[in-house]
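J.: Residues or ranges marked as active site, thioimidate intermediate in TrEMBL: Cys317. Feature annotation from TrEMBL assigns active site, proton acceptor to Arg416. The NAD(+) binding site annotation in TrEMBL covers Asp259, Ser260, Ser261, Gly310, Ile311, Gly312. The feature K(+) binding site is assigned by TrEMBL to Gly312, Gly314, Cys317. The annotation domain 'CBS' is assigned in TrEMBL to 166-223.
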Amino acid sequence: MKILPEISRTLSEYLLIPGLTTEDCTPDTVDLGTALVRHRIGEESGVRIATPLVSAIMQAVSSPELAVALAQVGGLAFIHQNQPVEEQAADVRAVKRHKAGFRTIEVTVGPDTPLGEVARQLSATEQGVAVVTRSGDTEGAFLGIISLDDFHLERHGAHESAGSRMRGRAGLVTAPVTASLSEANELIWEHHLDVLPVLDGDRVASLVLKRDYQAHKTYHRASVDGEKRLRVGAGINSRDFKDRVPALVEAGADVLCLDSSDGYSVYQAKTLEFVRETYGDAVSVGAGNVVDGRAFRYLADAGAAFVKVGIGGGAICTTRAQKGIGRGQASALLDVVEARDAYARETGVHVPLCCDGGLLNDSHMAMALAMGADFIMLGRYFARLDESPSPKVQIDGQWYKEYWGEGSQRAQNAARYGQGGRMVFEEGVDGFVPYAGSLYDNVERTRAKLTSTMISCGSTNLRDFHRDAVLVPVSAESFKQTGAEVQLRRPTADH
Ligand code: IMP
């Protein structure tokens with residue numbers, strides 16, 4: 001037995017001391033771009049992202065819709081792996097097929113679906129329009145579209161059918177799947193449309209919305225591959241990787257990541273070995289999670305494309321209480337950063353670090369980046385947003401989104417927690433997080449705050465920010481003082 005001499009510390013136990021801000025440090029010159037996968041020092045990483053945020057490998061978080069939105073604003077989503085291989089591959093394909101401005105469909109109903117149900121589904125999503133198909137699913141023959149403007153529940157009755165109020169296919173302007181975005185927008189303006197269904201044979205492949213017109217013009221930092229398709233990641237596990245990895249690679253996943261609460265295991269090394277033997281360097285796989293330098297070194301030597309840091313800090317996590325495993329995120333990160341930098345000096349290879357779990361606000365993200373994280377993985381943050389797949393619910397007049405851990409009974413993700421085929425105990429909870437609006441607005445605000453912190457510290461890129469940052473631990477007394485003086489008028493919904 002050995003007891004480490006240091007205390008396990010969290011990110012909120014530190015503050016940044018401002019550095020000299022020069023005229024060169026402006027919001028326009030700050031670059032939040034970062035490497036996602038390992039690369040030789042002095043060379044470019046094979047995958048870079050302009051916004052250092054990725055989404056957690058979780059059912060409540062990473063759907064194709066969220067993946068599209070996050071890639072558009074320069075981040076990257078990891079489609080969750082707690083689903084059959086084919087379904088996960090289909091999610092990846094949906095993101096890769098996405099063309100800028102062409103939205104995947106959020107709500108599909110049948111002609112007999114009651115208007116009350118249509119209204120319920122539409123108000124739980126952001127798109128505001130449902131596609132009506134003969135079978136009621138996305139593969140079905142296209143019959144029409146219906147939005148909340150097409151009916152009123154009191155006037156038309158909640159039990160009336162969608163078919164009775166939809167705008168039928170015969171009267172609609174549509175575009176073929178081969179149409180470009182400018183052709184689609186041409187049709188929208190020419191025919192005064194609010195929505196344009198894009199057809200692939202008899203089924204609707206996507207929708208183009210008039211209200212997105214301005215937005216598509218502004219995704220200048222989107223994460224895209226060499227063919228200008230949006231980038232997307234996918235989670236894998238160390239059990240069925242021989243089936244899952246080929247299917248995800250075939251579907252076009254840009255990067256894979258082992259999804260485990262404790263990544264310091266021979267099983268992760270074996271998975272990385274399989275991928276290297278099968279694909280050489282063509283497929284990048286991140287590994288983790290770890291909380292110390294030994295585990296980092298093990299996974300870096302095994303060929304991990306990046307290493308994820310964090311055990312027990314997640315908002316929905318009960319691992320520390322259940323198993324006594326974990327480490328304060330700041331202590332974990334500082335230890336692993338030291339090992340990462342030593343590895344770089346010895347081998348000439350930079351292995352990016354992903355800080356995963358328990359980041360409660362934007363200042364925690366700034367702290368993690370200052371400490372040396374290359375990018376940040378977030379679950380709760382994204383679950384709160386319109387684009388996450390989790391249901392939106394109203395409780396006592398307030399809107400919430402459901403959020404549940406992959407180690408909860410609801411997720412039944414036994415593989416992630418090394419509990420064989422059946423979960424014997426839970427390592428996560430199932431609950432609600434306050435609804436926070438659109439991903440586009442939230443990521444923009446987070447970017448603005450990170451930029452502002454970097455300007456205060458006199459840095460214009462993340463490498464300099466890490467090199468030059470001066471941090472100081474805060475005392476328990478400082479904690480007490482923060483926020484104790486003023487009774488807030490209302491709880492801020494801001495992050
Ligand atoms: P959050 O950003 O604080 O919500 O943390 C998200 C992270 O928590 C994920 O990326 C996972 O690493 C971790 N996680 C997800 N589900 C569970 C769980 O049920 N128990 C413990 N950790 C979890």
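Even glycines carry a Cβ here, placed using N, Cα and C.
Owing to the predicted nature of the structure, the values given are computational and were not obtained by experimental measurement.
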J.: Anything from the recorded positions Asp259, Gly312, Gly314, Cys317 with its Cβ under 6 A from ligand 1? List those in sequence order.
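T.: The recorded positions passing the 6 Å Cβ test are Gly314, Cys317.
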J.: Out of Ile311, Cys317, which of the recorded positions is least crowded by other Cβ atoms within 10 Å?
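T.: Ranked by other Cβ atoms within 10 Å, the recorded positions Ile311, Cys317 bottom out at Cys317.
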J.: To the nearest Å, how far is the Cα of Ser261 (NAD(+) binding site) from the Cα of the residue listed as 'active site, proton acceptor'?
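T.: Approximately 6 Å lies between the Cα of Ser261 (NAD(+) binding site) and that of the residue listed as 'active site, proton acceptor'.
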J.: Determine which residues of this chain, when Gly312, Gly314, Cys317 are set aside, have a Cβ within 8 Å of the centroid of the K(+) site's Cβ atoms, and list them as they appear in the sequence.
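T.: So the additional residues around the site are Ser261, Gly310, Ile311, Gly313, Ala315, Ile316, Thr318, Thr319, Arg320, Gly326, Gly357, Gly358, Gly405, Glu427, Gly428.
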J.: C-alpha of Gly314 (K(+) binding site) to C-alpha of Ser260 (NAD(+) binding site): distance in Å?
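T.: Counting only the Cα atoms, the answer is 13 Å.
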J.: Hey, of Asp259, Ser260, Gly310, Ile311, which of those binding-site residues are within 10 Å of Arg416 (active site, proton acceptor), Cα to Cα?
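T.: Of everything listed, what lies within 10 Å of Arg416 (active site, proton acceptor) (Cα to Cα) is Asp259, Ser260.
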J.: State, in Å as a whole number, the widest CA to CA span among the NAD(+)-binding residues Asp259, Ser260, Ser261, Gly310, Ile311, Gly312 given in the record.
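T.: Answer in Å: the longest Cα-Cα distance is 14.
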J.: Identify all same-chain residues not among Asp259, Ser260, Ser261, Gly310, Ile311, Gly312 whose C-beta atom falls within 8 angstroms of the centroid of the NAD(+) site's C-beta atoms; report them in sequence order.
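T.: Sorted by sequence, the hits are Asp262, Gly263, Gly288, Asn289, Lys308, Gly314, Thr319, Asp356, Gly357.
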J.: Can you tell which of the binding-site residues Asp259, Ser260, Ile311 lies nearest to Cys317 (active site, thioimidate intermediate) in space, using Cα positions?
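T.: Of the binding-site residues Asp259, Ser260, Ile311, Ile311 has its Cα closest to that of Cys317 (active site, thioimidate intermediate).
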J.: With DSSP as the yardstick, break the domain 'CBS' (166-223) down into helix, strand and coil residue counts.
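T.: Its residues fall into 20 helix, 17 strand, 21 coil.
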J.: Please work out the number of neighbouring Cβ atoms within 10 Å of the Cβ of Gly310 (NAD(+) binding site), leaving out its own Cβ.
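T.: Excluding its own Cβ, Gly310 (NAD(+) binding site) sees 28 Cβ atoms within 10 Å.
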J.: By a simple count of other Cβ atoms within 10 Å, which of Gly312, Gly314, the binding-site residues in the record, is least packed?
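T.: Taking Gly312, Gly314 as the binding-site residues, the minimal 10 Å Cβ count falls on Gly312.
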J.: According to DSSP, does the residue listed as 'active site, thioimidate intermediate' sit in a helix, a strand, or coil?
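T.: In three-state terms, the residue listed as 'active site, thioimidate intermediate' counts as strand.
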J.: If you average the pLDDT over the domain 'CBS' (166-223), what number do you get?
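T.: A mean pLDDT of 89 is what the model gives the domain 'CBS' (166-223).
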